[in-house]
Amino acid sequence: MWSRLVSLGLRAPVGGRQGFTSKVDPQGSSRITAQVIEHLERLALVDFGSREAVARLEKAIAFADRLRAVDTDGVEPMESVLEDRCLYLRSDNVVEGNCADELLQNSHRVVEEYFVAPPGNISLPKLDEQEPFPHS
Amino acid sequence: QSGSSLRIVSAALKQGQITPTELCQKCLSLIKKTKFLNAYITVSEEVALKQAEESEKRYKNGQSLGDLDGIPVAVKDNFSTSGIETTCASNMLKGYIPPYNATVVQKLLDQGALLMGKTNLDEFAMGSGSTDGVFGPVKNPWSYSKQYREKRKQNPHSKNEDSDWLITGGSSGGSAAAVSAFTCYAALGSDTGGSTRNPAAHCGLVGFKPSYGLVSRHGLIPLVNSMDVPGILTRCVDDAAIVLGALAGPDPKDSTTVHDPINKPFMLPSLADVSKLCIGIPKEYLVPELSSEVQSLWSKAADLFESEGAKVLEVSLPHTSYSIVCYHVLCTSEVASNMARFDGLQYGHRCDIDVSTEAMYAATRREGFNDVVRGRILSGNFFLLKENYENYFVKAQKVRRLIANDFVNAFNSGVDVLLTPTTLSEAVPYLEFIKEDNRTRSAQDDIFTQAVNMAGLPAVSIPVALSNQGLPIGLQFIGRAFCDQQLLTVAKWFEKQVQFPGIQLQELTDDCSAVLENEKLASVSLKQ
């Protein structure tokens, strides 16, 4: 049953990440271009790592596309099943905290009471500057 | 007959027939004997023994805290436990020691329960087999049961005894195996799409999913904030009610818990008759993939209610076929958001790269997450892209409303409780399960369970009978929102009718499990 989800004609050609441009889906919906891959990897800060992973995403999208068949005219999106209740708010009093030591213990790199991070504002190298799929 | 229950052993503790320390030792011993099941990631032996000691003092002074005092319990490893490693079966959290207890854990401890350990799961609770965690898969105790083994000997194809072991289902498989193998009396699982009910069905247990908002999620490492709930696994319905009584209630630390007054404690009445009850059978749940055995049991169960005077109606949940797709989109989207907190900076795994924060985050996450988790993060991020947001995420939210409305309409037509299968079939062998990937399996296995999470309703899986292969099959009851007590009352009646046979773990039977299984606890334990 699930074999129907294997995207038709969206298989990536061999050799290098640039080769991930897929043919246009006949429904004109999702296409996994190299740009989309790069974009997702930056947003998620998780890499695909292999062609299989891209294929899995394509299957996931094709699966999700089945929602198009549902008529949702006039239907409001549902954010929470508790939408018709008032949110309970606590009084704005500090009742706990002061546990800096405990929290710092879980970090790999601390200096005094600081978590240490590498320098920021340096973007990841662009796709063509990277090696293709170190883990495939 | 169905193994020693919490209620029975609690009475034994109160009467001094057994001490908390003895009980704790027996369970610890069973944990060691059943290590091959891989149900536990961490066994908190010292903690449990210390708690047992304190419980013993309380019993001596006649100051027991209640039904849970001195009772061994286990907790799924995605609940934060202060001072005890909490890993979510992921490299990302290996070695992570939370500085606080999840509210539900704290509540159990406040009632005097003994924490035996943290149980195994699919990584970050993503999966339906408990096969995809970094500590390896969990084995279903029924693989080693007399009932299953005897059937297999009749099968000329049965090979090497252990290569054909069965999965527990998931993602709370470790908790299910722990309870099923008598290493504890109750275990906490989590339920986002069926993760408590699915392994309950495969392991012959009661798997209860409370209404969303009834039980606090504070400290439960979140998967899908709008659907997650803590789940309860026990060997009988009364036991689940006892645990629920301890856990239910508002929590100022979880703003999604409701503050309505709830009937506490959850004392379940014994239904004298079901003639005032109306049972709904959703017709769309009769899918071609449903095994004939499960279908037959489902049908027999409906007949049973009818023959005992209940009204049994066919109802329609028209959007059922879109439910799993909708769940897939919403789940991956929320996961993408929730997993963003794992960056290696304040807790959890951190890689060695120090070039930039982005490079560090990316490498940390590549090293810390398995393929399943990464796949869901990427899918979720795709659905949340600006150009996709309306067509996928918001669309799914709209479909969610339609699904929730389907249930409302069914209940409004006079139905009190819905009766459905829990799983498509009995537990399958691991080697067969892994032939399909995690997402495919989850989509198949969650089919009867995930719509309940989208609607936030209470549901419970009850073990009904053994299959032709000697394996448990469960059926699911679904109730109205916040009518958890009524749901469990109906489930309890049904449990009594079906008299599900307990697991016979002959290989493990020795003085330990014999004591635990025997209702006459007093006479046997005193002979030791």
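Every residue gets a Cβ built from N, Cα and C, even glycine.
Mean predicted confidence for the domain 'Amidase' (B:25-488): the pLDDT average there is 94. The annotation domain 'Amidase' is assigned in TrEMBL to B:25-488.
Cβ environment of B:Lys76 (active site, charge relay system): B:Lys118, B:Thr119, B:Leu121, B:Ala125, B:Ser172, B:Gly174, B:Ser175, B:Ala187, B:Leu188, B:Gly189, B:Ser190 lie under 8 Å away, each six or more residues apart in the same chain. Look at TrEMBL and you will find B:Lys76 (among others) tagged as active site, charge relay system.
Feature annotation from TrEMBL assigns region 'Disordered' to B:147-166.
Under DSSP, B:Ser171 (active site, charge relay system) is assigned to coil, being neither helix nor strand in the three-state scheme. In sequence order, B:Leu121, B:Asp122, B:Ala125, B:Met126, B:Gly127, B:Ser128, B:Gly129, B:Ser130, B:Gly189, B:Ser190, B:Ser195, B:Pro199 make up the list of same-chain residues 6 or more apart from B:Ser171 (active site, charge relay system) whose Cβ falls under 8 Å from its Cβ. Feature annotation from TrEMBL assigns active site, charge relay system to B:Ser171 (among others).
What TrEMBL records for B:Ser195 is active site, acyl-ester intermediate. Cβ-based neighbour count (10 Å, all protein chains) for B:Ser195 (active site, acyl-ester intermediate) stands at 38. According to DSSP, B:Ser195 (active site, acyl-ester intermediate) sits in a coil region rather than a helix or strand.
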(request) Determine, from DSSP, whether B:Lys76 (active site, charge relay system) sits in helix, strand or coil. (result) strand
